[in-house]
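Asks: Please see the structure below; I have some questions.
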Amino acid sequence: MLDFFTIFSKGGLVLWCFQGVSDSCTGPVNALIRSVLLQERGGNNSFTHEALTLKYKLDNQFELVFVVGFQKILTLTYVDKLIDDVHRLFRDKYRTEIQQQSALSLLNGTFDFQNDFLRLLREAEESSKIRAPTTMKKFEDSEKAKKPVRSMIETRGEKTKEKAKNNKKRGAKKEGSDGTLATSKTAPAEKSGLSAGPENGELSKEELIRRKREEFIQKHGKGLDKSSKSTKSDTPKEKGKKAPRVWELGGCANKEVLDYSTPTTNGTPEAALSEDINLIRGTGPGGQLQDLDCSSSDDEGATQNTKPSATKGTLGGMFGMLKGLVGSKSLSREDMESVLDKMRDHLIAKNVAADIAVQLCESVANKLEGKVMGTFSTVTSTVKQALQESLVQILQPQRRVDMLRDIMDAQRRQRPYVVTFCGVNGVGKSTNLAKISFWLLENGFSVLIAACDTFRAGAVEQLRTHTRRLTALHPPEKHGGRTMVQLFEKGYGKDAAGIAMEAIAFARNQGFDVVLVDTAGRMQDNAPLMTALAKLITVNTPDLVLFVGEALVGNEAVDQLVKFNRALADHSMAQTPRLIDGIVLTKFDTIDDKVGAAISMTYITSKPIVFVGTGQTYCDLRSLNAKAVVAALMKA
């Protein structure tokens, strides 16, 4: 039983609707529009919303959307046939009204489609009932029944052939092991000569061995060296004392060499950092987050130089290109198949996950199928333009994270703004936490760093080093004696959730604006550590949960994000589990134009990329520019 069936235009006008079991179809259809149609995720024609399964079909020629909804616990095999039949009949019946494509004509039009729909629904249900059951194949008709007889016939003939081949190979191996270089005709004679001692005698054997040795040396050319080595090895070596190895920093070094403690000047470690402040800070405005720029001046100059030649080529070869024009033609899947295959391979080469590349190309095919092209548009340009629009739309997800605005809102409520960083091992969580701390300090917010990585050795010391250097960049003297950055740590082996709770309470009492919680790196399959992370997030309810991921990963990004979200949902004790809110993409300066990880991560989670790490100084932090990333992704 269907819950509803609705037909509406891409402009939002509902042309016709059938209400079955469900009272209203507004909520599920709006969720479909927000999550699938507007986000360019049309690779799969089904969508699940709460207890309903929605299937849809796009008519790109007339800009129509056909949606059917039913309970997801039901298995209705006739839904695909029904939606195709309704699409075909509705388009043919009201072609004149739809071709006007004006909102006023669609509003004034009367689409009496109830009786036709009920007839198609009844036919679809009956066809599914009377569908012929699949009959089991007989054993006599299968390949397995024919295989034993054929294999017996083949193996009898093959055994003799294999025996002959094996005998030949064994004979060749024996001849090779003896080192004979003579032909097959003379070989038996030589063997007989070797065996016949009375005819040849001992001298003949020596001559034969010497002759074979010379032939072997001439053939391989390395026997002389080996023989010389063997003669050298026969001579006994004079035993001498081994020279003692002198280590650069050995035990005999003096105390000055072994002293690794930081030099103290007037008892302040900040004075030792004064000469390295510019190196630590980096160049650029720290308080202003710049957009990511993936293009270079060389690429721009190349594109500018190629534009005139391209225009000349199109004008000069106009008549030769007329065969490739598809003006005033509706696109079909056969037309786009070869282009989409090239686009899919291009995306995979640019580090997009393989499954996501397939879904993107399928979404573009559904979007363009049946669409009438322009006069001088080719299939390649149309598909490429549609793919670029889809990629830009994916990188601009539903929610936009504005940390500065949210921190000011938390200040008005007199509470600290809490951010939790999570991710796998070695992706740069602590480093990018320090970059974000510097960015917040440059904007005038005080930061408390909570060292909740009680698992990895050296994690607390790493954060202590960052805190000391950030304090040197923003000393209390510049802020009226107020401590702008401080580390809250309780050592190793403690409960991370308890440390985070104490840090938030300490920040509230001391008046800190932001609390940045550093967590231990963990693999997505490590159940105990994922349970501890879910406990930390559930107990402390942070304002923002950021997943830190590398820009180097491809298919692994999909597995990491899916399993992190699944683990947070499974191990959470709350009724509505808290999932990942945003993404921090690190090591973006090491991938050139292979920026596909940004597409993979955003497509999987529908969450925005909040920050992008582009270097090793505190200023190397950027915000994502969707158009620049897509331009780098589509660059050949």
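Here the Cβ of each residue, glycine as well, is placed from N, Cα and C on the backbone.
From a predicted model like this one, the values you see are computed outputs, not experimental measurements.
This is the feature table in Swiss-Prot:
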- 423-430, 518-522, 586-589: GTP binding site (BINDING)
- Ser177: phosphoserine (MOD_RES)
- Thr283: phosphothreonine (MOD_RES)
- Ser295: phosphoserine (MOD_RES)
- Ser296: phosphoserine (MOD_RES)
- Ser297: phosphoserine (MOD_RES)
- Thr303: phosphothreonine (MOD_RES)
- Thr576: phosphothreonine (MOD_RES)
- 132-205: region 'Disordered' (REGION)
- 217-246: region 'Disordered' (REGION)
- 280-314: region 'Disordered' (REGION)
- 417-634: region 'NG domain' (REGION)
Asks: Among all the protein chains here, how many other CB atoms are within 10 A of the CB of Thr576 (phosphothreonine)?
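Replies: Other Cβ atoms found within 10 Å: 7.
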Asks: Using Cβ atoms only, which residues of the same chain lie under 8 Å from Thr519 (GTP binding site) while being at least 6 residues apart in sequence?
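Replies: When sequence neighbours closer than 6 are ignored, Thr519 (GTP binding site) has Thr420, Phe421, Cys422, Lys429, Cys452, Asp453, Ala496, Leu533, Leu536 within Cβ distance under 8 Å.
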Asks: Can you give the mean pLDDT for the region 'NG domain' (417-634), rounded to a whole number?
Replies: 90
Asks: For Lys429 (GTP binding site), which of the three DSSP-derived states applies: helix, strand, or coil?
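Replies: Helix, per DSSP.
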Asks: Mind giving me a neighbour count for Phe588 (GTP binding site)? Other Cβ atoms within 10 Å of its Cβ, every protein chain shown.
Replies: 24
Asks: If one measures from the C-alpha of Arg522 (GTP binding site) to the C-alpha of Thr576 (phosphothreonine), what distance in angstrom results, rounded to a whole number?
Replies: 23
Asks: Report, in whole Å, the straight Cα-to-Cα distance of Gly423 (GTP binding site) from Thr576 (phosphothreonine).
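Replies: For Thr576 (phosphothreonine) versus Gly423 (GTP binding site), the Cα atoms are 21 Å apart.
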Asks: Can you check which residue among the binding-site residues Lys429, Arg522 has the largest number of Cβ atoms within 10 Å of its own?
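Replies: Compared across Lys429, Arg522, the most Cβ atoms within 10 Å surround Lys429.
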Asks: Gly426 (GTP binding site) has how many other Cβ neighbours within 10 Å of its own Cβ?
Replies: 10
Asks: So if I draw a 10 Å sphere around the Cβ of Gly423 (GTP binding site), how many other Cβ atoms end up inside it?
Replies: 26
